[in-house]
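One structure is given here, and the rest of the page talks about it.
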Amino acid sequence: MARQQPSPWVHTAFLFCLLSLSGAIEIPMDPSIQNELSQPPTITKQSVKDHIVDPRDNILIECEAKGNPAPSFHWTRNSRFFNIAKDPRVSMRRRSGTLVIDFRSGGRPEEYEGEYQCFARNKFGTALSNRIRLQVSKSPLWPKENLDPVVVQEGAPLTLQCNPPPGLPSPVIFWMSSSMEPITQDKRVSQGHNGDLYFSNVMLQDMQTDYSCNARFHFTHTIQQKNPFNLKVLTNHPYNDSSLRNHPDMYSARGVAERTPSFMHPQGTASSQMVLRGMDLLLECIASGVPTPDIAWYKKGGDLPSDKAKFENFNKALRITNVSEEDSGEYFCLASNKMGSIRHTISVRVKAAPYWLDEPKNLILAPGEDGRLVCRANGNPKPTVQWMVNGEPLQSAPPNPNREVAGDTIIFRDTQISSRAVYQCNTSNEHGYLLANAFVSVLDVPPRMLSPRNQLIRVILYNRTRLDCPFFGSPIPTLRWFKNGQGSNLDGGNYHVYENGSLEIKMIRKEDQGIYTCVATNILGKAENQVRLEVKDPTRIYRMPEDQVAKRGTTVQLECRVKHDPSLKLTVSWLKDDEPLYIGNRMKKEEDSLTIFGVAERDQGSYTCVASTELDQDLAKAYLTVLADQATPTNRLAALPKGRPERPRDLELTDLAERSVRLTWIPGDDNNSPITDYVVQFEEDQFQPGVWHDHSKFPGSVNSAVLQLSPYVNYQFRVIAINEVGSSHPSLPSERYRTSGAPPESNPSDVKGEGTRKNNMEITWTPMNATSAFGPNLRYIVKWRRRETRETWNNVTVWGSRYVVGQTPVYVPYEIRVQAENDFGKGPEPGTVIGYSGEDLPSAPRRFRVRQPNLETINLEWDHPEHPNGILTGYTLKYVAFNGTKVGKQIVENFSPNQTKFTMQRADPVSRYRFSLSARTQVGSGEAVTEESPAPPNEAAPTAAPPTSPPTTVGVTGTVGSTDATATAATTEATTVPTIPTVAPSTIATTTVATTTATTAAATTTTESPPTTTRTKIQESAPDEQSIWNVTVLPNSKWANITWKHNFGPGTDFVATVRKKLSLLRPRPSPYS
């Protein structure tokens, strides 16, 4: 069982396209509008360029035209005014330019031969017909002549020449006997393209009839017969024994010598032939020889085009229809018999009369609009282009400042009512010409609705649909959609409005049901119409038929149960092997099933249930396998080796248009795995020659697709086939096709403005590629100005992808615009991008504060620099600890640009810190600001310690070389600093710590103290004996600093004792190490 989903696109109406690629207005075919609008003339009917007439009939030269007002007509003959009024035989049909030349009262038609051209004129311009060459048909008589018998040896070649009299048009030639019996032709005897009759070898039986060339003339319907040829065949075997005709070796049986082939036409080993594109190429090789040679055809370097080539005249002629440039080259015919073979090479050159690539189209504009006429043709040799206006050469027409000629394009800017005219483009080479008329009309028309009012559109839920609102107006109106008469303009999200006014709803929901109003507006007024949208439930097969295996003679039932919108009529039908199923008397079709009674082998196959309404359908397929008695199911597909597909071939470009081309290819072998996709790639030779880009992807079921193209790109295409195994090799490239140019429709992307130095700004962008350049000489208009000053725009034209603005202030914003321009015009108005000039080093951070709330932490705060001179990337903090002349290692911290605070945990409570802070931009670090941490508080007056507190002992080790020593200790509770007696260490020590102080040392012990800071000073003067003096205690909340002086020798241990026992302060790594 397999479900087949219908396409998700459901179009409720066809698109009504009102806008051409050039932005011009297209007048709808509504008769009421056609009759109201003023239009220059347009030629609607004319005789062929080579107009051959029957001399027995009146001459008719057609010329019809339309316009509003209706045009008048006049003619030229041989480039001079043809005064119809002066010739009584000539008249012009009423409301027409068709000439009638009447010979009922006598006259010679040959007197009117010549080149005629029709002019259709009204007050808005003049249109021209082709130059019509009038010729009278001729059927000349065959000259009288007496023909002697033609004597020829049996087995020899023979050519009977026709040489018909020249006729107009050329007569049709055929050969008959004088008794009007057709001459039997075969590979030995046949008529050539030139009308001659060729015998590859003459046999005795050829004397049994005579040979007369006949010419049939088209217009007179007469046949003229030339005097007959009589043959006299000399032979070594005078008896014409008919039994020898079927002899396997007829020639030797008649005594005819065998010989190798030789060419009768064309002669020699090589020749050349020229053919025009689109015509038929006829190559001919007629050879003599005994036995009669066989002819085979080949093309050097390739195969014959199988779809266009066919063999004629017993393989003696090769015809290639609808010749194109790729059919040029060298062809050769090979004539062979058992005696040998010869070949003749024909070099074929394909030339081309002019053919259209872009034929100019009528241009209808509103006042003030721009437009262009494009006249592009190709040919070989390359055709020249001549522009005319109202039948006169453009260079001799009055100057028009709103008109510019650029080769094959005329560009109109700011057109006005006075710009109306008919332009002619004549493109020609030595093989022919093309003449096209295209008018320029300027209209101002209020908006009008073109569709019936209040249409009802029904659509299936969750499908995509378009609501059409065809309209007309000049200038082209803007169209807006509203739902249920309220709300804002519908566009965006689930809605999309196309340029032609159609409203697309991407996925229909129930709430989308309602009345939609379209309003068309231009400067002359507005018009509106309504469309009612009804949303219907989808048709779904919810119980599908299943694959079944049944024995012959049994009954099978295939289910198909369907849900659908009750307001829609449901139809259920069945297909067998994708063809409509005939319901015979062994089958019963019910509402939700199909029953097959007495299953037979012919019932095997796929069955598809098709459930459809007028809006949608659903499909479900199942396969029925019928078994004979005692049979077992077998696989329906033999396992075959699978491989990647072969490359597509024979790429061909057709339907060449300004913005599109049709690419057709022949699929390669799928190697037992169906092709699922084709990828079309393109290469262009201007921006990235040799680089292939993906253009589009198509299902594997197609081999022809219309490719949308960009202007002014020299395209070359190739195709890659894909199946489940992999991708094929790319096809050989197609021929190149260059589209015509146009102004850019976009601008470069990724526009940026950034400084590379402090006094400049570099504007950069991503350059446009080949498919967005749209024309030659792509360049960029770069504009900039200071943002805050709103000064006038500076601008420069650049051909690269960068421009540097110099002498800029440091880091200021600029408004930047970059617009694409080519030789056809400018791109759309670009958006504005904000860029900045170059950055510099920032100034120093402001208000740098250092606070020390306690001996454990230091808090830093600062403000951003007054002049950032760019985008701040962060801050750099450098700091060192110092104590007197000793300085520690420098530590560096980096902060984010938003951070303006930092708390530092002190390494020790004694040292001070020096901080240096600077801001950074991408240029580097700026000026630094330096601060130091606060000095310790001033010393306080001493207080006596309570005598009852138990002692606390702190061991101190000092290694300083001065007369001062310091010790630091921590306590767990507040104490009063004791008085330290001036005694030898041995008399008071409770804990001893070795020290190696100099002759005089000092120690400090820190203990936790009450909030009131006290400073105790003991023994001011130094004694004569060894002792300790100037003991000073400076307590804090958790520490106490004790300092003293002494005159003990090196290695003396010092012990400090307080009321409460203090923990011994363990040695810490020095911050200066």
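The backbone N, Cα and C atoms fix where each Cβ goes, glycine too.
According to TrEMBL, the feature compositional bias 'Pro residues' maps to 934-950.
Annotation comment: TrEMBL describes 999-1014 as compositional bias 'Low complexity'.
The domain 'Ig-like' feature in TrEMBL is assigned to 41-137 (among others).
According to TrEMBL, the domain 'Ig-like' annotation covers 143-224 (among others).
What TrEMBL records for 261-349 (among others) is domain 'Ig-like'.
The feature domain 'Ig-like' is assigned by TrEMBL to 354-441 (among others).
Per TrEMBL, the feature domain 'Ig-like' maps to 446-534 (among others). The average pLDDT the prediction assigns to the domain 'Ig-like' (446-534) is 88.
Per TrEMBL, domain 'Ig-like' is recorded for 538-620 (among others).
Under the heading domain 'Fibronectin type-III', TrEMBL lists 647-742 (among others).
Here TrEMBL flags 744-840 (among others) as domain 'Fibronectin type-III'.
The domain 'Fibronectin type-III' feature in TrEMBL is assigned to 844-940 (among others).
Look at TrEMBL and you will find 730-757 (among others) tagged as region 'Disordered'. For the region 'Disordered' (730-757), same-chain residues at least 6 beyond its ends with a Cβ under 8 Å from one of its own Cβ atoms are 21, 325-326, 357-358, 374, 376, 408-409, 647-649, 651-653, 656, 658-659, 661, 663, 665, 681, 683, 685, 692, 709-720, 763-768, 772-776, 778, 780, 784, 801, 804, 808, 811, 814, 816-828, 830-831, 833-839.
Annotation comment: TrEMBL describes 920-953 (among others) as region 'Disordered'.
Taken from TrEMBL, the feature region 'Disordered' applies to 999-1023 (among others).
Per TrEMBL, the feature signal peptide maps to 1-24.
Counting Cβ pairs closer than 8 Å and at least 6 residues apart in sequence, the domain 'Ig-like' (354-441) and the domain 'Fibronectin type-III' (844-940) reach fewer than three and form no contact. Between the domain 'Ig-like' (261-349) and the stretches 41-137, 143-224, 538-620, 844-940, it is 143-224 that has the most C-beta pairs under 8 angstroms. Mapped onto DSSP helix, strand and coil, the domain 'Ig-like' (143-224) counts 5 helix, 30 strand, 47 coil. With helix defined as DSSP H, G or I and strand as E or B, the domain 'Fibronectin type-III' (844-940) counts 0 helix, 54 strand, 43 coil.
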